[in-house]
Amino acid sequence: MSIKAEEISALIKQQIENYQSEIKVSDVGTVIQVGDGIARAHGLDNVMAGELVEFSNGVMGMAQNLEENNVGIIILGPYTEIREGDEVRRTGRIMEVPVGEQLIGRVVNSLGQPVDGLGPVETTKTRPIEGAAPGVMDRKSVHEPLQTGIKAIDALVPIGRGQRELIIGDRQTGKTSVAIDTILNQKDQDMVCIYVAIGQKESTVRNVVETLRKHGALDYTIVVTASASQPAPLLFLAPYAGVTMGEEFMYNGKHVLVIYDDLTKQASAYRELSLLLRRPPGREAYPGDVFYLHSRLLERAAKLSDAKGGGSLTALPFIETQAGDVSAYIPTNVISITDGQIFLQSDLFFSGVRPAINAGLSVSRVGGSAQIKAMKKVAGTLRLDLASYRELESFAQFGSDLDQATQAKLNRGARTVEILKQGLHKPLRVEKQVAVLYALTKGFLDDVPVSDITRFEDEYLTWLESNRKEVLESIRTTGGLPEAGLFESALEEFKKTFIASE
């Protein structure tokens, strides 16, 4: 076999012509300590705060503490395979999650990776999880109602699109049920819902997803989950991942509802990370910036101005209290950040008042501007009536010789409490709520026995649907009460057919 010099020289020339003298510079460090979801690395001198870094086994981390000699990294995945001396390299990217329509109907983790077994999420768009909240001039005051479908909330503590309303209460008082019912009521309301489960049992998250699927609510809902078995960094990041996914829709002129269930567990995870990163502890061993942890999250909820597209992001953060103590550190922090709170009380819950909303301690700082005109008219005095009933009720236990006015107040109050009770996963459209509350406030229920109130409500609404559909239709379309006398005549006609059980 003869070797041709021309062929060899031609090949060498071709290789020289195609030679690319690119030098890839990658910033590489060395792990000097690892454990409990935290790694310390030496040598990453140019790393950015919040930057993603990659360990030699492919697990990602996020740079948190930038110190003189080393970098504190929170590990976003299993850390047992990472060893002292392993390489860790910069990616040049800030922590980001996938966003877009393709996420709707999916269950994802804090990193936006699907965990529902339905294959990958087909989206190429991402957003950084830490983003600036809309400025003062980019916002508009909250004026559109967000109907939860829960009478006690829509009448007493109305929520508007773009508001932040805290739901606070002990464990097992129905906080998650309020969230699920609110999501179910957003059907056909052109609203994207995001349910963020932080530190929940996986069985609980499964039940929530199945409930949403059964009622057809998964068609407009994204579920972000960081279960109790996952490392603290993922629990800490879950709410930010949820709000980032929501912001993508908000900035495109859509309306979004984000539910954080619950932020107490996020604060605990952040405390754990901060102590492991050797940051100085403060009150209740929380780090000094635990207020900023929640404020920068909740400030990203907004009603955008028309110039910015008029989209909105409504936040419903949950806080779990211990023995009803709303004056603890985290509850007071979040109360001061939000635009009101709904307080769920275990005493009410166990006495059969469900949803167990304490009307005296619950407040909405947006108030009437987040209600339709009809609801404002029928629910105007409801709150005061309920408060005075609770006061009179405690006095009435001591004596029976009450004057007629007091007795009338007690009777009306008992019926009000009964009307505001509501079954699980049975949200009511606002026009039906108005119809029922009109009957209550105008005294049409005063002669109906308390034990029959729920039956009266169900039968009356069914009767209205069949015989006076135009009354409900006018409330739905105009937002105001129907013409004078229409409700009265309907109620009088229905009451003739209603048979009390006594």
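Glycine too: its Cβ is placed from the backbone N, Cα and C atoms.
If you look up Swiss-Prot, you'll see Gly169, Asp170, Arg171, Gln172, Thr173, Gly174, Lys175, Thr176 marked as ATP binding site, on the strength of sequence analysis. The site 'Required for activity' annotation in Swiss-Prot covers Ser362.
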Residue with minimal Cβ packing [other Cβ atoms within 10 Å] among the binding-site residues Arg171, Lys175: Arg171
ATP site, defined by Gly169, Asp170, Arg171, Gln172, Thr173, Gly174, Lys175, Thr176: further same-chain residues with Cβ within 8 Å of the Cβ centre: Glu320, Leu344, Ser346, Phe349, Ala356
Other C-beta atoms that fall within 10 angstroms of the C-beta of Ser362 (site 'Required for activity'): 22
Candidate with sparsest Cβ neighbourhood (10 Å radius) among Gly169, Gly174, the listed binding-site residues: Gly174
Densest Cβ neighbourhood among Gln172, Thr173 (binding-site residues), 10 Å radius: Thr173
Which listed residue (Asp170, Thr176) has most other Cβ within 10 Å, given these are binding-site residues: Thr176
Alpha-carbon spacing, Thr176 (ATP binding site) to Ser362 (site 'Required for activity'), which is rounded to whole Å: 17
DSSP three-state assignment (helix, strand or coil) for Gly169 (ATP binding site): strand
